[in-house]
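Now, the feature entries from TrEMBL:
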type: REGION; residues: 217-239; note: region 'Disordered'
type: TRANSMEM; residues: 44-64; note: transmembrane segment
type: TRANSMEM; residues: 71-89; note: transmembrane segment
type: TRANSMEM; residues: 101-121; note: transmembrane segment
type: TRANSMEM; residues: 133-154; note: transmembrane segment
type: TRANSMEM; residues: 160-180; note: transmembrane segment
type: TRANSMEM; residues: 276-295; note: transmembrane segment
type: TRANSMEM; residues: 307-327; note: transmembrane segment
type: TRANSMEM; residues: 334-355; note: transmembrane segment
type: TRANSMEM; residues: 361-385; note: transmembrane segment
type: TRANSMEM; residues: 397-418; note: transmembrane segment
type: TRANSMEM; residues: 438-458; note: transmembrane segment
Amino acid sequence: CWALPTALLCAYGFFCSVRPSEPFLTRYLLGPHKNLSETQVFNEIYPVWTYSYLALLFPVFLATDYLRYKPVVLLQGLSLIVTWFMLLYAQGLRAVQFLEFFYGVGTATDIAYYSYIYSVVDVNLYQKVTSYCRSATLVGYTVGSVSGQVLVSVAGWSLFSLNVISLTSISIAFGTAWFLPMPQKSLFFHHVSSQQLSWEMKVMDCKNGSAVQDHPNVQRAPGWEDETKVPLNGEGHSAEKQSMRERKVDIVKVLRDLWRDFLQCYSSQTMLCWSVWWALSTCGYFQVINYAQALWEMVLPSHSTEIYNGAVEAASTLLGAVAVFVVGHIKTSWAMWGEVALALFSFLIAAAVYIMDTVRNIWVCYASYVVFRIIYMLLITIATFQIATNLSVERYALVFGVNTFIALALQTLLTLIVVDASGLGLDIFTQFMIYASYFAAISLVFLGSGIYSIMRAYRRQEQMQSRS
């Protein structure tokens, strides 16, 4: 029965994303409720999220598999409740930095939300339930942004009241998560039985990247053969259960399996190219969206005029969703023209960030931000599709985690050097000039790589024609 867990998970994702106060976070921290300075918020508080996210990502990945998803989903809800409760009542620099750490826990545990559903539904339902869960979070985020803007601009509500609404919505999500059924299997620590594997497991043909049905001669998932040797007598069954408990906590074996899958996944040059762009661009994307509110605050201080951060976030999300839908119907040879497309759109991203930084007009900043998010959503969807065509679902999750980890490592380095007060501690306009240059460098790298790939493909085609 896939409908109940899917509905519960969608409800959790929706209420967890309805946070009307989030587009106004910078204004709230700089306002009378927290009374923090710009340097404290931009250079000492916001970097804590980046550091905690990076530090927690890999341990959370292992804990998610070992604990079988649901406890980590509950941990996410609890950490977000703590975050918004502290956002309401915590005072002082250290307290708000501690708040950012809990927010890092909440974002690092996203992996449990997006991977839970694969452990309780059949393989042929993956595409459907994935679309439902992602749509729920998208709708929730849009509802939160729009309602926040309306309550601030029309009803005149305070930002403190918006945070109360956010806390209430997250608490409803946390209560919903308790009703999720507990999965009985996971990828590495808790393997499915061999009978289930014969029906559900798909293995990737490394030669042509096509999915083939499981076969007795095909290499199985780690540990499958041990689970078929279950003796009929009670003593043997007890010994087997003890053996299974020992095997489940074999961290060394799990890490060895991860490393083997990692090497197999990144052996494809095409997949490696898209993954490199994913990691590099996601690093820059995180930096821009994290500090966009700070830039808008410098362009037009919120205490002196009305701001429309919520409307901008909602518009960029909806238009990005439209772009994602359209790109699913575009037919082109991404294998040949993909790198050139990445170079071109990366240059457009660099131009959007540059305009945000140099044209000190809030409406131009808003429009450039919308364009920036639309292009990124478009490209990350293409990258996701290209990676998914060469990998099974389980390996896709591994690649996604590795790419995100690399992106966070680069972002941490960038934050430490450019943003953090212990590093250069640059002002916000200089930071965005660096981010624009960063995306321009990505564009040049992939332009050179794309031209080389096209020339090589044409040369190979000419050689084949001459031979024929």
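Glycine residues also receive a Cβ, built from the backbone N, Cα and C atoms like all the rest.
Here the structure is a predicted model, which means the values were calculated and not measured.
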Test the contact criterion for the transmembrane segment (133-154) and the transmembrane segment (361-385): 3 or more CB pairs under 8 Å, pairs 6 or more apart in sequence, then answer yes or no. no
Here the stretch out of 71-89, 101-121, 276-295, 361-385 with the most C-beta pairs under 8 Å to the transmembrane segment (438-458) is 276-295
Which sequence-distant residues neighbour the transmembrane segment (397-418)? Criterion: at least 6 residues beyond either end, Cβ under 8 Å. 47, 50-51, 53-54, 57-58, 61, 111, 115, 118, 187, 258, 261-262, 265-266, 271, 275, 278-280, 282-283, 286-287, 387, 391, 424, 426, 431, 434, 438
Looking only at residues six or more beyond either end of the transmembrane segment (101-121), which have a C-beta under 8 A from one in the stretch? 2, 5-6, 9, 12-13, 16, 48-53, 55-57, 60-61, 64, 68-70, 72-73, 75-76, 79-80, 82-83, 86, 129-130, 133-134, 180-181, 183-186, 393, 397, 401
For the transmembrane segment (44-64), could you work out the same-chain residues 6 or more beyond its ends whose Cβ comes under 8 Å from its Cβ atoms? 29, 36, 72, 93, 96-97, 100-101, 103-105, 107-109, 111-112, 115, 186, 251, 254, 286, 290-291, 294, 401, 404-405, 408-409, 411-412, 415-416, 419-421
Outside the transmembrane segment (361-385), at least 6 residues beyond either end, the same-chain residues with a Cβ under 8 Å of its Cβ set are 274-275, 277-278, 281-282, 285, 288-289, 292, 295-296, 299-300, 307-308, 312, 315-317, 319-321, 323-324, 327-328, 334, 338, 341-342, 345-346, 348-349, 352-353, 355
